[in-house]
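Annotated features in TrEMBL:
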| type | residues | note |
| --- | --- | --- |
| SIGNAL | 1-29 | signal peptide |
| DOMAIN | 30-305 | domain 'Plant heme peroxidase family profile' |
| DISULFID | CYS40-CYS136 | disulfide bond |
| SITE | ARG67 | site 'Transition state stabilizer' |
| ACT_SITE | HIS71 | active site, proton acceptor |
| BINDING | ASP72, VAL75, GLY99, ASP101, SER103, GLU109 | Ca(2+) 1 binding site |
| DISULFID | CYS73-CYS100 | disulfide bond |
| DISULFID | CYS142-CYS301 | disulfide bond |
| BINDING | PRO184 | substrate binding site |
| BINDING | ASP225, ASP233 | Ca(2+) 2 binding site |
Amino acid sequence: MAPFFSIPSILTTVKFFLLFSFLVGMVSAHLSSTFYATSCPNSLSTIKSAVDSAVSSEPRMGASLLRLHFHDCFVNASHLNSLPLYFSSALSTNICLHGCDASVLLDEERQAPPNKNSIRGFEVIDTIKSQLEDLCPGVVSCADILAVAARDSVVALDGLGWTVELGRRDSATASGDAASSNLPSPFSSLSELINNFSNKDSSFTTSLQSNCPSTGGDSNLAPLDVTSSESFDNEYFNNLISKKGLLHSDQQLFNGGSTDSLVNTYSTNSESFLTDFANAMVKMGELSPLTGTSGQIRTNCNKAN
């Protein structure tokens, strides 16, 4: 389901999407799927064309762009209510006043420990922004580019699309501390931390050890989905049932806890997973964005105006 990645995992997006149904009171008004219909009518087709080209050249880029949107929205989402225990441990409940605001593209967040040498795809976003500035200067926000690029990346990898609500504005600031504190860790667990690597398939473990030695090999890549690394599908959940979750936090989703039933459902019902994922991405994209006259429309996504 996800191409090759290094820690921390792109699949945190997948691991936590199924928890969005617990979020209460976080959907922002003032977003519309037709926000740019008059002001920049070719904006969506421009983004899609650039994403399709990037993913065609490197399938891994699709998941990288999806992950950028995830890391953007989850740093400063305000007042996360009614989260289950296993999710609230990853996020504090009262953070800042905005969420999906393209702050991840600014240097302070980009260089934060969870992001540094990990998130990627900035050059694709820069290309899209440059093209849109030529078409309609000062109109399309970087935050909306991230949201649309995430959707188009999933579609490019054979996943199900969704309607992206638009009208987000960009923040003028970023928070490296918030990124360090609030992004889910690849070592997160559902309850008590339990080391279940010893329960994994021995041949799987051996193959990982040869690629990921105890010392060195920090730049090596390993497929988080050993079955279908270049398609967006439900094979990730079958891997968990087979005890082939690459990261500790992956396998925690199927380890005798409250999410076992969801893993079982998604492993056998691809349509259910794809539909739920699309619905959750819509919710994530609406985590307290800046709208109206708040924030700005950056001319360059990598720095405030």
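Cβ atoms here come from the backbone N, Cα and C positions, even for glycine.
The closest partner of CYS40 (disulfide bond) among the recorded positions, by CA position, is CYS142; the full candidate set was ARG67, ASP101, GLU109, CYS142. Cα of GLU109 (Ca(2+) 1 binding site) to Cα of CYS142 (disulfide bond): a span of 15 Å. When the recorded positions HIS71, CYS73, ASP225, ASP233, CYS301 are ranked by how far their Cα is from the Cα of GLY99 (Ca(2+) 1 binding site), CYS73 comes first. Put plainly, the disulfide-bonded residues CYS73, CYS136 were compared by Cβ crowding within 10 Å, and the winner is CYS73.
Of all the binding-site residues listed (ASP72, ASP233), ASP233 has the fewest other CB atoms within 10 A of its CB.
ASP233 (Ca(2+) 2 binding site) sits 23 Å from ASP72 (Ca(2+) 1 binding site), counting Cα to Cα. Cβ neighbour count for HIS71 (active site, proton acceptor) (all protein chains, 10 Å cutoff from its Cβ): 28. Taking the recorded positions CYS40, VAL75, CYS100, CYS142, CYS301 in turn, the residue surrounded by the fewest other Cβ atoms inside 10 Å of its Cβ turns out to be CYS40. For CYS301 (disulfide bond), the nearest of the recorded positions HIS71, ASP72, CYS100, ASP101 in terms of C-alpha separation is ASP101.
Comparing CYS142 (disulfide bond) with ASP101 (Ca(2+) 1 binding site), their Cα atoms are 8 Å apart once rounded. Per-residue pLDDT, averaged over the domain 'Plant heme peroxidase family profile' (30-305), rounds to 82. Using ASP101 (Ca(2+) 1 binding site) as the reference Cα, a 10 A cut-off selects none from the recorded positions ARG67, CYS136, ASP225.
The two recorded residues, CYS73 (disulfide bond) and SER103 (Ca(2+) 1 binding site), show a Cα separation of 9 Å.
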